[in-house]
Structure formats: C-alpha cells, structure tokens
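Data first, discussion second: the structure below is written as structure tokens.
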Amino acid sequence: MEPANLSNLRGSSLRGSTRGSLRANSNSIWRNNGVEIFSRSSRDEDDEEALKWAALEKLPTFDRLRKGLLFGSQGAAAEVDINDLGFQERKNLLERLVKVADEDNEKFLLKLKNRIDRVGIDLPTIEVRYEHLNIDADAYVGSRSLPTFMNFMTNFVETLLNSLHILSSRKRQLTILKDISGIIKPCRMTLLLGPPSSGKTTLLLALAGKLDPALKVTGKVSYNGHELHEFVPQRTAAYISQHDLHIGEMTVRETLEFSARCQGVGSRFEMLAELSRREKAANIKPDADIDIYMKAAATEGQEANVVTDYVLKILGLDICADTMVGDDMIRGISGGQKKRVTTGEMLVGPSKALFMDEISTGLDSSTTYSIVNSLRQSVQILKGTAVISLLQPAPETYNLFDDIILLSDGYIVYQGPRDDVLEFFESMGFKCPQRKGVADFLQEVTSKKDQQQYWSKRNEPYRFITSKEFAEAYQSFHVGRKLGDELATPFDKTKCHPAALTNEKYGIGKKELLKVCTERELLLMKRNSFVYMFKFSQLTIMALITMTLFFRTEMPRDTTDDGGIYAGALFFVVIMIMFNGMSELAMTIFKLPVFYKQRDLLFFPSWAYAIPSWILKIPVTLVEVGLWVILTYYVIGFDPNITRFLKQFLLLIVVNQMASGMFRFIGAVGRTMGVASTFGSFALLLQFALGGFVLSRDDVKSWWIWGYWISPMMYSVNSILVNEFDGKKWNHIVPGGNETLGSTVVKSRGFFPEAYWYWIGVGALVGFTVVFNFCYSLALAYLNPFDKPQAVLPEDGENAENGEVSSQITSTDGGDSISESQNNKKGMVLPFEPHSITFDDVVYSVDMPQEMKEQGAGEDRLVLLKGVSGAFRPGVLTALMGVSGAGKTTLMDVLAGRKTGGYIDGEIKISGYPKKQETFARISGYCEQNDIHSPYVTVYESLVYSAWLRLPQDVDEKTRKMFVDEVMELVELGPLRSALVGLPGVNGLSTEQRKRLTIAVELVANPSIIFMDEPTSGLDARAAAIVMRTVRNTVDTGRTVVCTIHQPSIDIFEAFDELFLMKRGGQEIYVGPLGRHSCHLIKYFESNPGVAKIKEGYNPATWMLEVTASAQEMMLGIDFTEVYKNSDLYRRNKALISELGVPRPGSKDLHFETQYSQSFWTQCVACLWKQHWSYWRNPAYTAVRFIFTTFIALIFGTMFWDLGTKVSKSQDLLNAMGSMYAAVLFLGVQNASSVQPVVAIERTVFYRERAAGMYSAIPYAFGQVSIEIPYIFVQSVFYGIIVYAMIGFEWDVGKFFWYLFIMFFTLLYFTFYGMMGVAVTPNQNVASIVAAFFYGVWNLFSGFIIPRPRMPVWWRWYYWANPVAWTLYGLVASQFGDIQTKLSDNETVEQFLRRYFGFKHDFLGVVAAVLTAYVFMFAFTFAFAIKAFNFQRR
C-alpha cells in the first residue's frame, strides 16, 4: 500500500463513516486467512466478541474512535466509551499490555507497530541537521565579572551609555560553539558527551529551537530540510532541561496529566482514523487492548490519560504517582524521582524528537539503564529521534546508544557510530585502558590534566593535543568524511511526512486551555488552603484589635477632631484590605519559574494562566472582606444604615481585587522577590503618600498632582469617607458654620464631599482592576526570567589550564600509577598528628515516629544502627557503601558528632582514648553532601577564613597563607583563586568546583580525620576523577579519610583501599580490604554458595550491591550479616579494634586549653571580615537599598517641598507628621524585609561552620549585626540630608542632629527586627509572614491614625510598647515641640501637640534612650536565638 498522506486523513476518515454499514453476514470478516486474529479461550466467546466488534464497526467513524472492547477480570468483553475509562480499568489494561516495564515494553511497542505496519501506514520521522553553527555570548571577564558594589554601579552606568551609543561595551565575546555541523538521524539513539562547559546544553537548546535571543547565532538548524521559522520547533521537538522545576503542591500524576492535556495528542487522532478506515476496508480486526490503548491515546482533553499511566510505569514512577512532588517547604519525592518527573513531563506529549539534558543526575545506574532502554525501544520501533546528554553513563547504558557526539571546548571532536569512536582515538595515539568505561575515557581524553595517561604511542614523545586538533583530524577520518558527504546532499523536502512537523502554536483549543489552567489553579488553591486560612485568621485578629481600639463608646461625633478619628479608622480599613493582597506578590513570584518553563514549551498562552489566577481569587476576596466588615462595622459605630453597610462591603471588595491585581502585576514585572518588593514599595509609597490622607490634596504640589489623580488609594479613601460622612449621624450643622459636620470633616482632609464620589471611586477601582490584570497578562507574555547561569572567565593572563599533569588516582596497594603526586616528596608546611578512630558495637536509635506507631509499631524507639563495629586508620582510604536506607550517612554523622537528636550507645575511641566532641571537632573535618558556602566571597577568601578560625593560635599569618596555597594546589583550585563562590545553580562555581572547595575548606583546618559525604554524586566522570584525585592526594599525606559513596565507576571504586559495606537496617556485611581489581571483595562474596559469579569487565561495586540485595538474600536463604559475623574477617577486625583501642605507649589524650582555636576577639574580627566582603559584593542588597533610599528621599522631598516652614493650621502639622510617618514605615519595612533573605542564606552556612568548631554563636551575631551599622549610617545620612533640606525643616543644629539620630536608630531597629524574625523562625517564608503581621499593628498604634490621648485606656499600654510610636514622637517633638507660633484657632503649636498627640519636647531624652534600647533588644534577641535555636534537623 502507498504511504498515507495524513493531510487528507480527516476527510477520508469521515467519507468512510458515510459509506454503508457492515454487511449482515459480518462473519466474513474473520474468514480472511491472511490476517492474524487474536483468538480467545473458547469458540462461543469468540463469536460473542465478533458480534460486539461488528456492532462497533457499524458506528460512524467519530463514534467508532471513541468506543472500544474492554475485557473484564472474567475475560468477557464489554463495549466502553474511551472517555469513561475508570482508574481500575486503565490499570488492568496496562497490566495486560506492560506487566513488567523492563520486560514487556518492547513487546507492547512491537504490537503497536505491527498494527500500523499491517495496513501500510508510514510513521512520520524527523532528521535534524545543523550546519556551520556558531554561537557567541558577551560577558565581562576577570575581576569585572565579580558583582561588587563598585562593579554594579560601573556596569549600570556603562550599559546606560552603551544604549545611548556614547561608550563602546567592555564585554568580551565568548564563543560557545565553534562552526559545528552534523546530522541527527531518526530511529537512532545519540549520546551527547563532553566535559563541563563544553557547550552541551547550548547545542541541545539550539537543536530544539529554544536558544536565548541574547546569543549571537550564525549557521542553520533544519528539520527534514525545513528551517526553524517554517514550523513550530518547540512543539515538534521536546527539550528536557537539567533543572527540575515543578509545582511542589501537585502530585506526580497531576503534574504529568496537566502536561499531557496541554500538549494535546498531535496527529494521533488523524492517524487512528486512517488506520481504522484501512482496517475496515481490509477486514482486519485488531487486538482489543491495543485498540483501546490507541483510541485513549488519541482522545483529547481527558483528565486521566492512559498515556500518562504508561509513562509513569516505564519511568518507575507508578510507586509514587500520588505523592506530592514537593519543594524546599513541602516534603515530597526524592531528587532522582524529581528528575524522572522532568523527563516524564515531556514524554507524555506527542513530540517526535527528544533533546534530553542530563536526565540521569541523582539516579542509580540500574534506573538510568532501564529508562534509557525504554527510550531506545520507543525511538527504534516508533521511529523517533533522540539526543541524550548523560553525566556518568555506566558501560551497559553507554552500549544502548547507536551514535556518539563528543563535544569539547565548543568543537565537535567526534560524531558518528559508537563502534568507531575508539578506532578514531587510537588513530590519534590514545587507547582506552581495559578496566575503564569508554564514556569516562571519552570525557577525560580531551582534558589537559587527564590526557597523558591514555597516550599509547610509546615510541613517540607525548604532547598535549587540543580539542581543535581533534576536530580537524576528525574531518579526515572516514566517519567524518562520510558525514561531510551526507551534509553536501540537501534533504529531499518531498520526503517529509506531512504530520512530522507541527504548525499549530498550541496543542489544544483556547476554551480547553482555559479549562485546564482553571482546574489546576483551583487545585493549587485547595492545596494552599493553609495560606488562605492563615490570612483569614490574621485578618480576624487585626479586625478584633481595630474594633476594640476604635470602640464606639469611646468615639463621640461632635467636632471635626472626632471626625478625624473616624477618618483615621476608615483609612486604616482601606490600608488593611489593600495590604492583605500583598501575599499575591510572593505567590506570583514563587510560581514564575515553572510558568516560564511551561510558557516557553508552549503548554499555554499567558492569558490562559492569568485569567484563572484573577477570577478564582474573587470568592476569597468576598470571604475576607465579609469577615472584616461584619466584625468591625457596627462595633466601631459606623453609620447603621444597611445600605451604607453593603456599600462599604462592595467598595472594599473592589479595593481588594484592585490590590491583588496590582501585586500580581508587580510580581510579574519584578520577577524576583528583591526587585519586586522594591518596586512594590515604590508603587505603594506613591499611592500611600498621594492617597490624600497622609498629604492633603490642597497641599499637593502642582508637579505631583497627576500622581494624586492616578492613585487608586485616593479613590478608595474618598469613596469610603463619602459613604460614612454623608450619613444621618453626621448631618448636623457645625456651630458657627453653614455645612454639615460630615461635609466639614471630608473637606478638612481635602477630599470631595459629594455623594456621587462614591460611585466615581468604585468605577475607577474597577477600571484599575481590569488594567492591572491586563498588564499582568502582558508582563507574563513578554518578560523573561532575570537569573541566567554565568561563568567567571579568567583574564588572558590567568590561563585556566595552568596546572601541570597530576597523578592518576590509584589505591595504595599497587595500582598502575603513571606519575606519583609531588606531595609525597615534600611534607606539608604544617605538621599534623595522625589519628585512628575505632568504634565498637555502636547503636543509634530515635524516638518511634508517630506515623509508624499508628501503623502498629510496638517499640518506643526505631533503631537505625544495630551494633556496628570498625576501625579507620591513617593513610587508608575507606569507602562506606550500601543501598539507600542502609545508614551510611547516619553512621558518619554519629562518628563525626553531627547528630542533633536521638540516642547513641557503644564506644567510640580516638587513638585509644574515649572521644570527646569538643576536642574531636578540632582535629576532624566533615565535607557535607550539599556544598554550603557563603556565596559572596571568593574561593581564596573562603579558605583563608577557614584556616584563620581553625588553625591553632601559634600559627602566624604568613605560614597560614602558605598552607592555604599548598592546599589550593593539592585540590587543584589555583585557577579559581579569585572566582566568586556564588549560589548553587544560579551563578559562581560549578558543582564539581564546589565539591573541591568543600574538601579544601576542611583541609585548611589541618585535620587528622576527614569524613566526606558522597563527594562524587552529581558529577560527570571527569569531575569525579578530579575530586577523587584530590581525596587520594589527601590520604597520601597520612590522614584518615572515610567517604560514603553512591554508584561509583570501576576506577573510582578501585581507588579506595578498604570497604565498609552496610545493608538496609544499619548492619555491616563486609568490612575489609578491596585488593587489586577488587580481588579480596570478589573472593569473599563468591565463596558463599549460590552467589552469582562476576562477569568479565563488570563493575565490582554494582555487582556487590546486586548480589547482597535483600531479594537475593531471601532467594538464597542466607543473612549476610550472620555470614560476616562468623567469618575470619570479622574476628580480624575485632582484634584490630582491640589493638587500636589501647593508647600507644607515651601518647597523651587530646587536650586543648580552649574550646575554640581562636580567642573570642579574633572570632569577632574574622566574622566581621567575612561579612564585610559578603555585603560589599552583594549589590542586589546593598546597592539597591541605597538607590531605593535616594529615590524615596527625592520623592518625599519633592512631594512635601517646603512644608516644614508652614505651621499656620493644624493640617500643616498633620502633613509634616504624615511625611515622617510614611517615610519611617516604608524605609523601615523595606530594610527589615530585604535583610531577611541575606540572613537566611548565611544562617545555613553558620550551622555548618559552628558544627566544625570555627566559632561560637556570639561572634557570628556580632559580625552580622555590626556590618549593618556603617551601611545604615550612610543610608540615614543620605536620606536625612536630602529630605531635611527639601522639606525645609528649621536649620538648627540640634534639630538636624535629632532628626539624623532618630532616623539612624529607627532604620537600625527595623533591620535588626528583620534579622531577629529569621533567627526565631525555621525559614524565611515564616519569618516574613510573622514580621508582616507586626508591621500592621505598629502602623495602627503609631499615633498617626489615632493619637494616644484618643485611644481607649485598655490599649494605651501598647502605644508605649510600639517602637514606631517612639520614632514618630521623637521626630515630631524634636522639630515642632518647642514652637510658640499660633495656629488659626489661637492655640500655639506646642499646645496643639500636647493636647492632640500628647507630645512634649522635654521628653526627648527618654525617647532617645528607648530607641537605643530597642536596637539593643532586637540585636540581643537575634544573637540569643541564633545561639539557642537550631532549626537544622539531623
């Protein structure tokens, strides 16, 4: 049959449905002998099934594709509608099709292919070509790339001048990919290999059509001869990122289902219609299960899809399908499972080409093998196209690939069949050793440090061959020549299948997109119900405080002053309802990374995401506002008319919706918390200051009046005031006037008293709501995330590859080392004392978790280590291994004294003396698995800091620096000396460089014993080799080193001298030497009857974990713990423990005069030194704060211009106080909230450094608190001088210094309050929520909204406990408290302040003392909390 032309499919399938129904004698269908019929158990069943099938065949095409025959558990077939398949039915169907993923997947895919082939339908294929591809980026190099305060300012000005073409850019061009060409063929698996920063991710992004527009690209990429602009590449191909970005509140199944619904079914439906038509014409009856599967896979819009279930199964995610994905805040699935969810998210779609970036990070080798194998089957059988980059592929995974692309330094060193790659390198003089994985060899052979060990031409001297030379040699190699010939012949476009390339931008229709996004938003709101409940309760508490503060019995309505108090209450109501929308800011930003990923993958347009997040919040608003109005309205004593009650309710609903829309918009524009909260503060400040309450309209300057008219707050406040003061209770005439009291009050504040202003306000707010939400949608559509990973390049003088060739990693018992490390020849600058560590019968248990008790666990304690014994000696490298949950990290934490809870029994000795944690911390180092370092210091500074605090006091600075230099050489960190550490995954060092820094930070402490937790996890083969070489060099200096290790390659595993193997449940099953090529280990396990022999060339580490698995133990009926306990090895180890457990003659127990190696003062100086660099190089915090302060100062200065000189009426004083009130609140809250993320990041570093015995908590707190003082001082002076001069306060030295003093201490206590918030809570999110609540209370009791004399007696005590009230008291009393000028009503300024606010000038001394006390109180609380609370759980 001719290949199907799928463009005519829909037409042909519908024509088929109108032809006559099946003939009555439909049995003739089954008499076609050439067709394979899947027979059932009995003839009768067959006949019944045939009748049902015949009935199905009579249906019109569209209905026929929606129905199928499903077999029940008894084997009877029933007709089902595809859309009505239940969970159990889908599960049973998959059980029949793919019972065991590894075994049955291929059979299932072949059945699918068989059905398609039988009627001669051709599957679409994609061939991807890239020709002469060059990709360049612009970057700052050397010290200019460090984000110091000065660089930030210089780069900012420079970028501005560049855009105006005044100055040329100082950025250097960096070439990522250099003139590369190649072909990715369908039906073949391509493996992309290359060392870090060789351009793998960039190549994959280029092939998938997802490159960053800022990059300069020349050359072309084409699919089946069509260039990327001729179709939609993002939907034709799927790019799977190496970053796992998911919404933590969704389960694994929900994540995949959402993705499947958004991506749609592609051309599956058309293909099925054509298939069905041809089968009908040829009298072919398909397998019923395959038929149902294909129909379900081709049905759009199903919430629960068979394809999703299938992908979950082959990725091994079916066991955690209903578990939350989780994130930093929510406990969820493991890292390896998250990686698989990222892969599954794209596999559920209809893409024919897959570009997968490092999909195996965090997975064990057997899982990686089974996933890659499933992908291979799918690619080869269903004619897909795949390029997969892997970090450390095991030999068996490597062998699954057909083609290899090897990238190095932006050049393609080799591209072609896997079988020819070794031949190419042998022709260049490099040979892969026998016990070396080919993939590992390929990653190392182009690296300057690793190349020499593979040189095989013994008769020629070795010279380093660059990536460029390899790339040139490849062109003349036979594989390269063949590729060149193929590229010379263009792809024949006429052979491109019409269904191969996608032209629609989205997978489903607009209505369906909106439905899918709405359902997800609803689900997330349910999952986040805690946030909404928390907001409700916070609002309830504030409502209770507000109504008891403005209690009706305490609120007369006789004078304009009384009206002013009511106006204050209404103003506060508007503020509360507006600021309650602020949580939208954080929630929007939190979801942005996932949104950007899904938007760029064309899952949905931005409007489909924006509309549900607006519409679904309306019911929340109704509840919040309803709660507030019902609680406060009548208790405060607002106008009792029910219409006015409902009008206030309506107005506040619109206010809340407007605020939520505004915060969403700000979040989408700001994109990070820092920028958004700064922008948010600006927007709020302008609204707040120009809302007509803080500064009366009559006093707004002409150049700011536009701000007054566009401030949503003005409309809100005006409407709510009119609604209240237009009521009956306020319509009596004021004595000596001709206006009602209500009208007078509204006018005195500069508002409009006419009743129609209520509706003007409501209308304006509705308009703002629509505009903000529309702009939110636009911002989502057109803005991209800020943070891009960036590399720090050395300047030309500092060549990155300046290290000489280091030794190969080998174990001490005789590996084939080519050149020994130099460190053996010369001793280190600082001597150290070698120590052994022995532990005998160590038991570790924790209290039984509540969940396990509920499941029926009877014991009180859960035992994690069951009597473990062993000895670690100097100069011996020990690997601590076992399956997940065996207790490797637990044992290490117990030995290192890092556990914060639980019960430890048994004896641990150091060189024969019982271990004391205080002294042990001084001679030991612990390299944690997650590399935690201060992000804003350089590599060299990190090491100097660690050495400064951990080496003894008698080591002078010169020796210390020499020692640091030695360690840097040992760990090969020389070229990165001035590189900034940075935040993981955002900027700074790569994973492998961070690992080496972690090791170096411990080494500079000159420890005798070092523990390392998974030093090679998440690294590629080359990086792992560098880290292991570092570890080996460390052991060769005579130290005791223990590493937990997970899935090592052969050469990493055999670099160890001894193995400590544990099984699940915390018991040891082998403790002893490995031997050459692991001979001792293999001999020990093979001597057990029934244990499978190791295959030639197989990895002993993998084999050992396989043969000791609990399933194997059950099968063989042996317990490896018992086997070990009865072996000679165990007895030998016990003898060794006894021998090392006795102190050597003449030795002394470890003893140090002090707990820390440095004095308290030195600790303080060192902590302050590190904080200094951390702040200086963090412009996102320090520079933004200064810019923000300067802007606010200029805004206030121009807004309240020259108001300080006006003191003719009471409103002037209220305006002046308003300027102080707004400034204090905004600057203070901005300081408090912006310091929190900085402190939160440093706190995690503090936990590691304190555990290492570097310093006590007080010096750390001292450094953190002290470094703020100069920055805040400059901030106060900046602000003070600008504002004082522009507002025109009296130029009196005393008053000016009072102003500066109060501003300085106010900003200090706000900043320390923010720091304290972090110190007393487990994480930054909780800290910001707790802190925010108090800002609201402080605002209410500050004395501006309701002065102290008007507060009810039962609340006055809180006025005195409120720091903001003291600040306002000080600012107003110092400026105006002694002025004798008369106001319009014959009262002096001094008398008015005493009567109305209760402010006295002679009370300033007390104010100063109280403000100072607040600063000390918050700083001390911070220090105490840091010392007392440890929120790290181990």
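Glycine too: its Cβ is placed from the backbone N, Cα and C atoms.
On a predicted model such as this, the values are computed, not experimentally measured, just so you know.
These features come from Swiss-Prot:
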BINDING   GLY194, PRO195, PRO196, SER197, SER198, GLY199, LYS200, THR201  ATP 1 binding site
COMPBIAS  804-824  compositional bias 'Polar residues'
DOMAIN    161-434  domain 'ABC transporter 1'
DOMAIN    1162-1376  domain 'ABC transmembrane type-2 2'
REGION    1-22  region 'Disordered'
REGION    793-824  region 'Disordered'
TRANSMEM  530-550  transmembrane segment
TRANSMEM  618-638  transmembrane segment
TRANSMEM  649-669  transmembrane segment
TRANSMEM  675-695  transmembrane segment
TRANSMEM  760-780  transmembrane segment
TRANSMEM  1181-1201  transmembrane segment
TRANSMEM  1221-1241  transmembrane segment
TRANSMEM  1269-1289  transmembrane segment
TRANSMEM  1296-1316  transmembrane segment
TRANSMEM  1326-1346  transmembrane segment
TRANSMEM  1357-1377  transmembrane segment
TRANSMEM  1406-1426  transmembrane segment
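Panel annotation: around the transmembrane segment (530-550), residues 565-566, 569, 572-573, 576, 580, 583, 587, 620, 623-624, 627-628, 631-632, 635-637, 1329, 1333, 1336-1337, 1340-1341, 1346, 1351-1352, 1354-1355 of the same chain, lying at least six beyond its termini, place a Cβ under 8 Å from a Cβ of the stretch. Proximity of distant same-chain residues to the transmembrane segment (1357-1377), defined by a Cβ-Cβ separation under 8 Å and at least 6 residues beyond the stretch ends, is recorded for 1204, 1207, 1213, 1216-1217, 1220-1221, 1224-1225, 1228, 1289-1290, 1294-1295, 1298-1299, 1302-1303, 1306, 1309, 1313, 1337-1339, 1341-1344, 1348, 1351, 1389-1390, 1393, 1397, 1399-1401, 1403-1404, 1407-1408, 1410-1411, 1414. Other residues of the chain with a Cβ within 8 Å of the Cβ centroid of GLY194, PRO195, PRO196, SER197, SER198, GLY199, LYS200, THR201, the ATP 1 site, are LEU407, SER408. If you look at the transmembrane segment (760-780), the same-chain residues 6 or more away from its ends with a CB under 8 A from one of its CBs are 595, 599, 606-607, 609-611, 614, 650-651, 654-655, 657-658, 661-662, 664-665, 668-669, 712, 715-716, 718-720, 722. Look at the binding-site residues SER197, SER198, THR201 and count other Cβ atoms within 10 Å of each Cβ; SER197 has the fewest.
When Cβ-Cβ distances below 8 Å are used as the criterion, the transmembrane segment (1181-1201) is approached by residues 149, 152-153, 674-675, 678, 681-682, 685-686, 689-690, 695, 700-701, 703-704, 1175, 1215-1216, 1219, 1222-1223, 1226-1227, 1230-1231, 1234-1235, 1238, 1271, 1274-1275, 1278-1279, 1282-1283, 1285-1288 of the same chain, each at least six residues removed from its ends. Between the listed binding-site residues, namely GLY194, PRO196, the fewest other CB atoms within 10 angstroms of a CB are found at PRO196. The average per-residue pLDDT of the prediction over the domain 'ABC transporter 1' (161-434) is 91, rounded to a whole number.
Other Cβ atoms within 10 Å of the Cβ of PRO195 (ATP 1 binding site), summed over all protein chains shown, number 22.
Three or more CB pairs closer than 8 A are found between the transmembrane segment (1221-1241) and the transmembrane segment (1326-1346), so contact between the two stretches is assigned (pairs 6 or more residues apart). The number of other Cβ atoms within 10 Å of the Cβ belonging to GLY199 (ATP 1 binding site), over all protein chains shown, comes to 22. Cβ neighbours of LYS200 (ATP 1 binding site) (same chain, under 8 Å, six or more residues apart in sequence): LEU192, LEU193, GLY194, ASP357, SER389, LEU407.
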